[in-house]
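One structure is given below, encoded as structure tokens.
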Amino acid sequence: MKKVYHYIIHYVRTYLLLELLAGLWLTVKYFFRKKITVQFPEEQTPLSPRFRGLLALRRYPNGEERCIACKLCEAVCPALAITIESEQREDGSRRTTRYDIDMFKCINCGLCEESCPVDSIVVTPIHHYHISERGQNIMTKEKLLAVGDLMETQLAADRAADEKYR
């Protein structure tokens, strides 16, 4: 009797394709559920307030750049993506002559932002940028300052909202 039972079970599993029907049932079940896919260019999910996107350099309200060339961000960068050159000014303070970030090396860890004593380098919520030619991966001081000027109002508001956590 056990042998006949074994043959019946083998027949049902082999010829009725129960595994295939179970897989098809799972597919049909999900086919009629609400879709969770986001059509990216047209629709976007909301970003976290602490999202780390494109880097920027900020200025003081009088227009002077904030960076004091302490090179802490260059020292703390684990990917060695930041290159800084500086010189002394007439008044004795240091300012950067070159501030480059290689975006191919940058891992968006945010350590440069945390180490900056004057809030000069910051991360922005910009995540739509592309590189179409060789050499565009280097964010120069001018590009970084331009991004900072563009985003200054939002960056200041984000800093004010995040102040109690810093």
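Each residue, glycine too, has its Cβ placed from N, Cα and C.
Model, not experiment: these values are computed from the prediction.
Record features (Swiss-Prot):
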| type | residues | note |
| --- | --- | --- |
| DOMAIN | 57-87 | domain '4Fe-4S ferredoxin-type 1' |
| BINDING | Cys67, Cys70, Cys73, Cys116 | [4Fe-4S] cluster 1 binding site |
| BINDING | Cys77, Cys106, Cys109, Cys112 | [4Fe-4S] cluster 2 binding site |
| DOMAIN | 97-126 | domain '4Fe-4S ferredoxin-type 2' |
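Of all the binding-site residues listed here (Cys67, Cys73, Cys116), Cys73 has the Cα closest to the Cα of Cys106 ([4Fe-4S] cluster 2 binding site). For Cys77 ([4Fe-4S] cluster 2 binding site), the nearest of the binding-site residues by C-alpha distance turns out to be Cys116; the candidates were Cys67, Cys70, Cys116. Averaged across the domain '4Fe-4S ferredoxin-type 2' (97-126), the predicted model reaches a pLDDT of 94.
Counting Cβ atoms from all protein chains shown, Cys112 ([4Fe-4S] cluster 2 binding site) has 24 others lying within 10 Å of its own Cβ. Counting only the Cα atoms, the space from Cys70 ([4Fe-4S] cluster 1 binding site) to Cys112 ([4Fe-4S] cluster 2 binding site) is about 12 angstrom. Between the alpha carbons (Cα) of Cys73 ([4Fe-4S] cluster 1 binding site) and Cys112 ([4Fe-4S] cluster 2 binding site) lies a span of roughly 4 Å. A Cα-Cα distance of 12 Å separates Cys112 ([4Fe-4S] cluster 2 binding site) from Cys67 ([4Fe-4S] cluster 1 binding site). Taking DSSP states H, G and I as helix and E and B as strand, the domain '4Fe-4S ferredoxin-type 1' (57-87) has 5 helix, 9 strand, 17 coil. Within 10 Å of its Cβ, the residue among the binding-site residues Cys67, Cys116 with the fewest other Cβ atoms is Cys116.
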